[in-house]
Ligand SMILES: Nc1nc2c(ncn2[C@@H]2O[C@H](COP(=O)(O)OP(=O)(O)OP(=O)(O)O)[C@@H](O)[C@H]2O)c(=O)[nH]1
Ligand SMILES: [Zn+2]
């Protein structure tokens, strides 16, 4: 199990994907033997493995590794976490920002672990709703805080480059557990991140 994001590839998978990408390039009307694209099947194979390496990672373990006993019980907010994921319908990117808050219940978590959890779930084939839920559930079940909130605002390339071709729409999803189910707490969080929400 990997805890870090780094470029490490399963040679068998790279090889198999490489052949598939060569066929895709040919099928799309390009000459896979042309010098400029000769190495493209291997590059694409590695890029796709990198972008989906979240399948091999365990977000709960990442959080557990850096939980510290602490009596702090105010809201902790980490905002503007870059999100890059692939939509499971078209395998095209969707990207934007995640904002996460939690209220500790005896334990705080190493701050960097929250963006790491985002990446573990983002580096898979996803829909924005499930990505949001995965993050909320993971933090809720592992850290067991008094409450956790996640808001993701993203733009989907499948709606921009193709299909409906809308360049300026964005999609906001959210998940709230525990104390954040109360209006007052939820509103405090939304106010703290509101400068980033259009
Ligand atoms: N709810 C949700 N839908 C998504 C997400 N990413 C992409 N989609 C949508 O998934 C849908 C798939 O619809 P289909 O009709 O099967 O596919 P399609 O013919 O390519 O649809 P169009 O994109 O409208 O051309 C589209 O409406 C996409 O906009 C996501 O994260 N969440
Ligand atoms: Zn899509």
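Keep in mind that glycine also has a Cβ here, set from the backbone N, Cα and C atoms.
Unlike curated records, TrEMBL annotations are generated automatically.
Annotated Zn(2+) binding site per TrEMBL: 87, 90, 158, in sequence order. Long-range Cβ contacts of residue 90 (Zn(2+) binding site) within its own chain (separation 6+, distance under 8 Å): 157, 158, 162. The DSSP secondary structure for residue 90 (Zn(2+) binding site) is coil.
Residues or ranges marked as domain 'GTP cyclohydrolase I' by TrEMBL: 18-193.
Classification of residue 158 (Zn(2+) binding site) by DSSP places it within a helix. Between the binding-site residues 87, 158, the minimum number of other C-beta atoms within 10 Å of a residue's C-beta occurs at 158.
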